[in-house]
Amino acid sequence: MESLLTDKQRSDLETSIFGYVSRLTNDEALLSQLAAVLSQPSGSEPVPADTLKANALLLEKKWLSVIRLQRKVMDLETRLEAAEREASSTHKANGLGAGDPKTWLPKTSRFSLLHKQPVNAVSFHPFHSTLASACEDGNIRIWDYELGEIETTIKAHTRGVLDVDFSQPDTGASRDKSHDKPRADVSHAQPRALLVSCSSDLTIRIWDPQNEYANVKTLTGHDHTISAVKFTASGNHVISASRDKTVRVWSVQSGYCVRTVHGHTDWVKSCAALNEEFIFSAGIDHVTRVSEFVSGDGKMTLLGHEHVIEGVAVYPKSAAGCLAKLDKTSSYFVVSWSRDKTIRVWSSRGDPLLILRGHDNWVRGVVLHPAGRYLVSVSDDKTMRCWDLEQGGRCIRVVDAHGHFVTCVAWAPNDVNGRVRCLVATGGVDGQVKVWQ
C-alpha cells in the first residue's frame, strides 16, 4: 500500500518506533531484526542501533504532544460553545436584529483604527476582509478589518484624499440576502476589483489591489478640488464631482474623460450613477440634478433642501426594499442628505416621498441597509442614526459614534453568495475609522 508519508516522515516514524521498543527490551537479536524490518520500506541500509536508541523518548514525547493538543482543542470547543450561547442570548436581549442579518443594525464598534488627521471616506473591498480609508493627510490606509490591523499605507495624493471607492464586479452570485457570511473563502477566478481615489490636488488615481496597490491610472482634467468619485456598476467608468461645477465621466481602460456634465451653478459635492443610464449629482447650489449618462443632458432637478447637499445616492427598485413600497411605480429611488439636517427620499419622477428629521447638525453620510428596510446616517452631531422605512422613516436607534464630527459611513457589500454582511464602517474628524460588526 502506498504510504501517505514522505520518505523523511516515514524515516522519523520508524526511528521513533525502534527507540520506543528499545526501552522495553534488551534483546539484541529482536532489536536487530526490528531495525532491519523498519528500514526495508525505504530501501535504505539498516540504521545502527545506537542511533535509534538516541531517539528512545521521541515517540512518547510526540504522543504526549498529541494528547496536549487534543485537550486544548476540546477546551477551545467548550469556550466557543459558551461564547455562541452568550452571543445568542445577548442578541435576544437586545431584541432588534436578534441573529437575523436582515434586521441587524450597528450598535457597538468592534475596532477603532487610527489616522493622524480627519478621515473623509471609507470603502469596503468586494471580496476580501479589507477596508480602505481616505485621510486629510493625503494617504489612503488599507486595513484588515477582521484583525483590526493596517495592511499598507498608500501615499496617494499631495493634498487631502476626499473620497475612495472600490469597484464592485458582478460575481454572478444570486441576490438572496437571507444570511450573513464572511467573504474570506473566495475563488482566485474572481473579477478584478480596483480602488479609485480623488483629492484636492486635482487628480483622480486608480489603484490595483492585486498588484500591491500600484497606481495604474492618473486621471486629470478637473480645474478645482475633486469632491467625490464613484465606479459605475460595470466598473468600466468612473464618475467624479468637482468644485469646478462639473461632473465628469472617465473610461477606466483608457483613463480619458469621455463626458463632461454641466448644469450646476456651484461646487458639486457628490455624484452617483445608475446602470450607466443616469448620473445623479448634488452640491452647494441646493439642487440634485439627474442627467443622461450617454449625452450628459439634464433630465430633472430635485428641489427641496434648504442648505448645501452633502451627498446623493440612488437605488434601483430591485434593491430598494421598503422604499419600493412608498411608490410602486417608481423605477428607482434617490436619497439625498444635507446641511439642513434632513434626509430626503425621491421617486424616479422627482416626487418627494420622505423627509427624515432628527439630526442636530449637518448630515454627512447615508447608506441603505442591504435588505432595504433601514437607512443608516451619520452627522456632525457625532451620532449614527438608524431609520426604519417600514415605519415611515422613524428613527429607531441613536448611537454615539465618534468624539467629533462623523464624516462618512459605508456598509459592506453582500458576500459572494449574495448574502447580507453585518458590517458597517464610519470615519470621523477625530481621525478614527470604526468598524461596527
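Backbone N, Cα and C atoms are what each Cβ position is placed from, and that goes for glycine too.
Keep in mind that this is a model prediction, so the values were computed, not measured.
Cross-referencing 64-94, 126-156, 188-218 with Swiss-Prot places the feature coiled coil at 64-94.
Mapped onto DSSP helix, strand and coil, the repeat 'WD 7' (401-437) counts 0 helix, 16 strand, 21 coil. Counting residues of the repeat 'WD 1' (114-153) by DSSP class, helix then strand then coil, yields 0 helix, 24 strand, 16 coil.
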